């Protein structure tokens, strides 16, 4: 990268807050061998080997003991000299070691600054850098494996392959601009439009994989709504496989929203159980009902629960009418164990209808499968990498530019410009074409020490 940064020495605790057996201080900067010698009492650590040593303060008194590792740049995570101090994991000990690092000239690192330096020093591209945070934040094994694929460059290789094809096609198209009277014949002979169509097909494949990766990262927010005592809390417990919410036969037991994250086939699903919807004079219950509608506004999908013995009553119809028209929903007819109906999937008024029993779990797997289908998840295979919404936006813009390029290919200057814009959009993913403010936003969301 050609973006500049101040080459100050930075330091941070790289392990999680709290007490533990081991705590790690990470330091990055230029020419850190004297730094390592000062904190270890004059020892010269062998690069990429663990050196057992005491860690000393400015007066020669030991603060802690443990392992010192020295990674000379550029063969390090950040591309600079990197030191790791692996001591005991107590907060007080780590605070003393961090203060000693500051005494030796380091400053406290900003969130994500180590990874940002790795990006700026061409150790990682931007998609790989983001996957560091995604791997840390992964809420399922599938998401973690996909994030690791991105960190190892699976997503970046796909993008670089598309960009390379675009560059070659641009070179061909722009070379014809000097020969306007022959440019169309030249492009036809070179099969420019055929190459463009193949490129668009490749992009569609990458886009589909990226969408699956984005679902693994973002998951979906599902709100449970319905009248009191229709089994919303029981269904939440059935989906979670645990007793998350209190369940009684008393209508109105749930008076506030209860949130739980579960994992369905590797996809994080944020379930929100809500207060039952009914007319009430109870002040507390009214507040809970208002929060129910607030949760509905923020949800990706609604599960409208109905007592299968009663069906779509006038009260249920009023709830249906208030749901946002654009909000996807599934009508869940619960308590089939009491109504005598069979669990299964159907459709009503253009929306899915699932019959189940939250108490016996009969039909719950049908609902889980339907949720994944509605969010567009087809299952993670070995090739799925994790992606973010900004990646999907960039791919969509590139696809739009390639569509325009094909439509206007006989106007060669427009053809060339649309190819350039498509290349720029894709290059935003890996960071070859990114604004400083975008980088600031991305790395500010990392934890300190990464």
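Cβ from N, Cα, C; glycine included.
These figures come from a predicted structure and were not determined experimentally.
According to Swiss-Prot, the protein has these features:
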type: BINDING; residues: 26, 84, 123, 450; note: (6S)-5-formyl-5,6,7,8-tetrahydrofolate binding site
type: BINDING; residues: 229, 248, 250, 253; note: K(+) binding site
type: BINDING; residues: 229-234, 248-254, 273-276, 357-359; note: GTP binding site
type: BINDING; residues: 233, 254; note: Mg(2+) binding site
type: DOMAIN; residues: 219-376; note: domain 'TrmE-type G'
Check your understanding: Taking only the binding-site residues 26, 84, 123, 229, 233, which one has a CA atom nearest to the CA atom of residue 358 (GTP binding site)?
Key -> 233
**Study point:** DSSP state at residue 26 ((6S)-5-formyl-5,6,7,8-tetrahydrofolate binding site), helix/strand/coil
**Key:** strand
Study note, to complete from the structure: The binding-site residues listed are 229, 232, 233; by CA-CA distance, the one closest to residue 84 ((6S)-5-formyl-5,6,7,8-tetrahydrofolate binding site) is 233
Review point. Considering the binding-site residues 229, 233, which residue's Cβ sits among the greatest number of other Cβ atoms within 10 Å?
Key: 233
Study note, to complete from the structure: For residue 229 (K(+) binding site) and residue 26 ((6S)-5-formyl-5,6,7,8-tetrahydrofolate binding site), the CA-to-CA distance in whole Å is 54
Point to revise | Integer Cα-Cα distance in angstrom, residue 26 ((6S)-5-formyl-5,6,7,8-tetrahydrofolate binding site) to residue 233 (Mg(2+) binding site) | key: 46
Practice item. Work out the three-state DSSP category of residue 233 (Mg(2+) binding site). Key: helix
Point to revise | residue 232 (GTP binding site) to residue 123 ((6S)-5-formyl-5,6,7,8-tetrahydrofolate binding site) - Cα separation in whole Å | key: 49
Review point. Relative to the Cβ of residue 123 ((6S)-5-formyl-5,6,7,8-tetrahydrofolate binding site), which residues of the same chain, six or more apart in sequence, are found under 8 Å away?
Key: 74, 76, 77, 78, 79
